[in-house]
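As given in TrEMBL:
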- 21-41: transmembrane segment (TRANSMEM)
- 33-307: domain 'Sugar phosphate transporter' (DOMAIN)
- 47-72: transmembrane segment (TRANSMEM)
- 143-160: transmembrane segment (TRANSMEM)
- 166-184: transmembrane segment (TRANSMEM)
- 196-217: transmembrane segment (TRANSMEM)
- 237-255: transmembrane segment (TRANSMEM)
- 267-285: transmembrane segment (TRANSMEM)
- 291-310: transmembrane segment (TRANSMEM)
Amino acid sequence: MAPSIIGKADRNPTSKADRKAALDVGAWLFNVTTSVGIIMVNKQLMAVYGFSFATTLTGLHFSMTTLMTLVLRCMGYIQPSHLPVIDLIKFALCANFSIVGMNVSLMWNSVGFYQIAKLSMIPVSCLFEVVFDKIGYSRDTKLSIMVVLAGVAICTVSDVSVNTKGFIAAVVAVWSTAMQQYYVHNLQKKYSLSSFDLLGHTAPVQAASLIVLGPLIDYWLSGLRVDLFDYSLPSVFFIVLSCIIAVGTNLSQFICIGRFSAVSFQVLGHMKTVLVLIMGFFLFGKQGLNIQVVLGMLLAICGMIWYGNASSKPGGKEKRAYSLVSDRVSKAGAADEELGIKS
């Protein structure tokens, strides 16, 4: 009896490890496929069929995502939770600016510059952490950020597809996305919300606001009305396909965040960037791509990988000592007040 029990115990960990590895690979591929797919589909929709209504398209994305959250709620994956209205509005504003900025940036810029602009979101997020959370960075971490900025600068100067409107859209997209990510972290920590719970709160608000404001914003940006667009069967097909893939993109992001570490998810982002750059070159032409731009892309990607490794090491990224002392003093003071102790 004993040997058979031991044998089963030996086999179970291996079986569980294999199953986890298979699920990790599946989630990884799911995220890569949907993220790259939606960029390519949206670019095809905007560049080939002239559907320049990025904000309205985003509203349709979140409408479909809202339906998904309703299904997940019925299935029990989203539990009842509370999020104050004021925080919900703040988050929705950040998220809407982020999504709209990204879509407009994709419409007005080449695929290469669009992806390089996205790479600069992590240095901006680092700035928020330094200012608001008093996080300190090691020398290697700082140098890696400088390498990323150098790569972005090289691509910005040499990419002839960059224009004033596209550059402004990219700046808005990067900063609003970094703000959204910082705010998401605070909301989840403050109200003990899971990613699925937060999506259940925010998706309906974003869908409603973007469906109402989307056509007006698109008219202001392009001078065209979405209701007068010459809808054809292929263009409608790509609109529906974009909405379906958007649901998968949102879902796969939550799955990956739950299964992978922060560094692994960053590396995943680098792989998506490389795939999008390659596919953008073959599907949409060079669009200003030359040896200098390629070198800038490689430099930026190498810097991001270096940043991921450097920030994950001990001392690479941690709260400053005086900030920790301040936190302890504040907690001690609060405890003294509760006990009625006066100095």
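Here the Cβ of each residue, glycine as well, is placed from N, Cα and C on the backbone.
For the transmembrane segment (47-72), the partner stretch with the highest count of Cβ pairs under 8 angstroms, out of 21-41, 166-184, 196-217, 237-255, 291-310, is 196-217. Taking every recorded stretch in 21-41, 166-184, 237-255 and counting its Cβ pairs under 8 Å to the transmembrane segment (196-217), the highest total belongs to 237-255. Distant neighbours of the transmembrane segment (237-255): 27, 30-31, 33-35, 37-38, 41-42, 44-45, 49, 51, 57, 60-65, 68, 195-196, 199, 203; these residues of the same chain sit at least 6 beyond its ends, with a Cβ under 8 Å from one of its Cβ atoms.
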